[in-house]
Structure formats: C-alpha cells, structure tokens
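Q: Mind looking over this structure? Questions follow.
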C-alpha cells in the first residue's frame with residue numbers, strides 16, 4: 001500500500017517549493033524568486049502527528065504562454081493530480097486573487113481530490129486572516145493563511161490536510177535502500193534514463209530536447225527485486241562559464257551534493273558525443289567523495305557498430321575517465337529500453353563491492369604476491385622500502401592501512417601499482433579503494449602483525 005500523495009499546485013512564483021520544503025522539513029526543492037523554477041514533479045516524504053504521506057511539488061500552471069515547457073509542465077501537473085489524495089492550491093496572499101488564480105481554480109473545480117486553498121506569504125499575524133479571506137471568492141472552501149518561509153499557520157493547515165486524507169496507513173516495509181544519484185552533462189538522457197528505470201505509465205521526470213530541463217535533484221523511490229532504490233536525478237553540469245547565478249547554478253550545487261548523498265553514482269555519457277571536461281570533473285568528484293560508480297553510455301542505439309565498437313568505447317571511457325577507471329560500463333538506450341535492467345545489476349554489484357570486507361589473511365596474501373612481482377622502491381641512499389602487513393579499517397569505500405618502514409619511500413607510482421595488484425587479486429569493480437601508508441619500526445610492526453593474524 002502506497003503512502004497518500006498530496007499535490008502542491010498553483011501558478012508560478014507563489015511559494016510552492018518553499019511550502020514543500022516546509023512540510024517535508026528540508027530544502028530539497030530549489031527556491032528562487034523567478035517564475036518557472038520547478039519543472040518536474042518532486043516527491044518528498046512528510047509526517048504530521050504520526051501520519052505519513054508524500055508531498056509532490058509541481059511546475060507553475062500557466063494557461064496562456066508560448067514557453068516550450070508549459071505543455072510538459074501541465075502534463076506533469078495532470079499526472080500529479082491523478083495520483084493525489086488531496087491538493088494544496090497555493091496562492092499569493094499578499095497579491096490577492098489574480099486572473100491566473102481564477103484559471104487554476106476553474107481547472108481544479110469538480111476534480112476528485114479535495115482541495116485546500118493555501119494563502120501563502122502572509123507573515124504578519126494581524127492582517128493574515130483578513131487577507132486570506134479574499135480567496136473564499138474562488139469557491140473552493142476555506143483558505144488557510146500561512147507563511148511557508150517562516151512556518152506560521154502550517155500547523156492548522158496540516159491538521160486540516162490530515163483530516164481529509166485516507167485513514168488507513170500502509171505498513172512500513174524494511175526493504176534495504178540504496179541511494180543512487182544519476183549525474184551527467186545536460187541533455188545526455190538522465191531524465192529519460194530515470195523514467196526507463198522507474199517504468200510505469202507515467203514518468204516522473206519531464207523529458208525534453210532542450211538542455212537543462214531538470215533543475216532540482218529529484219528523489220524517486222523504486223522497488224526492484226528485493227531492494228528499494230532512491231533514484232536521484234540531477235541537473236546537468238555545464239562548464240562554469242555557461243552557468244549564470246540563479247536556479248541553474250543552484251542545481252549544479254545540488255548535483256554535487258547528490259553525489260555526496262549517494263551510495264552509488266551513475267555517470268551518464270552520450271554515446272554520440274563522447275567524453276568532455278564536465279564528465280572528467282564529475283568523475284574526479286565521485287572518486288574524491290569515495291562513492292561507488294557505474295558508467296552508463298546512453299543513446300547506444302544511435303551508434304553504428306561492429307564487433308569491436310563496444311570494446312573500443314569501453315577502453316576509451318576508462319582512459320578518459322581514469323579517476324573511475326574501476327567502474328563497470330553499461331551500454332544502453334533509455335529511448336528503447338535496451339539493457340536498462342543491467343543498470344540495476346551493475347548498481348547492486350558496485351554497492352556490494354563498496355561494502356565489502358576482506359579478511360586479513362586474504363589481504364596479506366594479495367600483498368605478498370604484489371611484493372613478489374615488484375619490490376618496493378629504495379631511496380637514493382640505498383634504504384629499501386618494506387611493507388610489513390596490511391589490514392582493512394573501513395568500508396564504504398574499502399580502506400586499507402599498509403604498515404611500512406618509511407612512508408616517504410612509497411611514491412604515487414608504486415602506490416598505484418599496489419592498488420592495481422590488489423584489484424587484480426581481489427576485485428572491487430565499481431568501488432574506489434583507499435590506501436593509507438603508515439610508518440612503523442620493524443620490531444613493533446612484526447609484533448602487531450602477529451596479534452592481527454588471520455581473521
């Protein structure tokens with residue numbers, strides 16, 4: 001049984017996203033004083049007095065405008081309305097009733113879900129009720145005076161909202177949840193890929209051929225197999241010189257935050273355009289954050305192929321995106337659905353490697369093999385580097401400490417060699433691994449090694 005959905009609807013710039021953030025207790029939706037910032041449907045969980053529900057923010061409704069996105073926004077609002085158990089119709093209490101409010105009210109009138117009018121931006125208690133009363137004229141019942149930005153009046157609104165929602169609550173399911181962020185340049189097909197992963201009749205992200213359609217980092221919960229996935233679609237990351245101050249700049253910040261939130265990051269590349277600096281920068285941020293990663297080559301259906309094409313692309317990806325050369329590569333088409341299911345498999349495998357713990361005995365066997373193939377470097381004065389033993393100290397990502405006689409002897413080249421040998425012996429595809437080199441006198445190292453013998 002799904003949680004009841006509450007749709008937030010209204011014309012542009014009346015404070016719908018601010019109300020969403022207030023009800024959900026966070027700041028997930030981008031809030032900016034400019035009409036049309038929200039375009040997709042953005043779902044967030046909310047709770048009031050123990051009653052749980054989902055709130056969905058929608059794009060601003062305008063019925064006479066030539067902007068290319070408006071038919072798509074209206075389609076998204078229609079879908080939100082169709083699945084909603086109740087509607088919060090948000091108006092600007094300071095501005096009073098506008099022609100746009102009347103159009104939205106007429107559009108809502110006679111529809112199935114109960115409608116609550118939210119007269120927003122009423123920060124002054126002495127005038128809030130009188131200003132809100134004007135909205136009785138819309139013929140949709142009692143208006144609730146609130147200030148979404150300060151929170152005043154939201155308690156009464158939530159009491160009224162919960163009263164009209166279904167009384168039965170679904171039992172909480174304890175499926176394990178993975179947070180998966182979908183990142184990439186604008187227009188590489190991230191939203192189309194999200195919609196393909198979600199499936200179903202009504203996609204949650206708006207898909208358009210205009211770059212930069214998605215501005216928020218949008219959370220969508222999907223159950224697949226024995227696991228729940230929190231899929232986070234993000235705004236495409238452009239070069240800094242192409243991003244103005246405003247909602248798109250905020251979207252880039254949210255995308256970077258989404259990487260940090262994720263257990264696994266899906267980096268989407270357009271097969272028809274190849275690798276750009278933005279992908280390299282994203283790969284560096286993923287590796288720096290220590291997140292598991294899956295590389296998805298989208299629009300694979302648009303490529304002319306022969307027997308060697310896939311291997312060529314895979315090699316190029318790993319060469320160009322060397323920060324995440326350990327990531328698996330999935331070739332897919334969000335448009336046709338080709339190999340979309342394999343993305344879930346790759347995400348699961350990467351998450352498993354990210355959480356993996358290796359016994360001390362197996363770890364040190366791999367270490368000894370690496371040392372046999374290539375001895376540690378020596379200093380110019382002839383001091384030989386020594387690696388005494390290794391132990392794992394963390395997961396997410398797997399982190400290993402190597403105890404050595406002198407950390408200065410182990411330069412970047414040899415450290416990369418050891419990582420390559422460990423990966424060759426132990427795997428860890430899809431996950432970064434981290435090595436910490438610690439200096440220790442030989443006698444003390446041998447004594448400690450005996451204490452930590454095979455686990």
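All positions are counted from 1 along the displayed chain.
In case you wondered, yes, glycine gets a Cβ from its N, Cα and C as well.
Per Swiss-Prot, the feature GTP 1 binding site maps to 10-17, 57-61, 120-123; the stated evidence is sequence analysis. What Swiss-Prot records for 184-191, 233-237, 298-301 is GTP 2 binding site, and it gives sequence analysis as the kind of evidence. For 4-169, the entry in Swiss-Prot reads domain 'EngA-type G 1'. Feature annotation from Swiss-Prot assigns domain 'EngA-type G 2' to 178-355. Residues or ranges marked as domain 'KH-like' by Swiss-Prot: 356-441.
How about a rundown of where these features are and what they're close to?
A: Residue density at residue 122 (GTP 1 binding site): 25 other Cβ atoms are found within 10 A of its Cβ, drawing on all protein chains shown.
In the domain 'KH-like' (356-441), helix, strand and coil residues by DSSP number 32 helix, 22 strand, 32 coil.
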Q: Going by DSSP, is residue 184 (GTP 2 binding site) sitting in a helix, a strand, or coil?
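A: SS state of residue 184 (GTP 2 binding site) = strand.
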Q: Neighbour count, 10 Å Cβ-Cβ cut-off, for residue 61 (GTP 1 binding site): what number do you get?
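A: Other Cβ atoms within 10 Å of residue 61 (GTP 1 binding site): 21.
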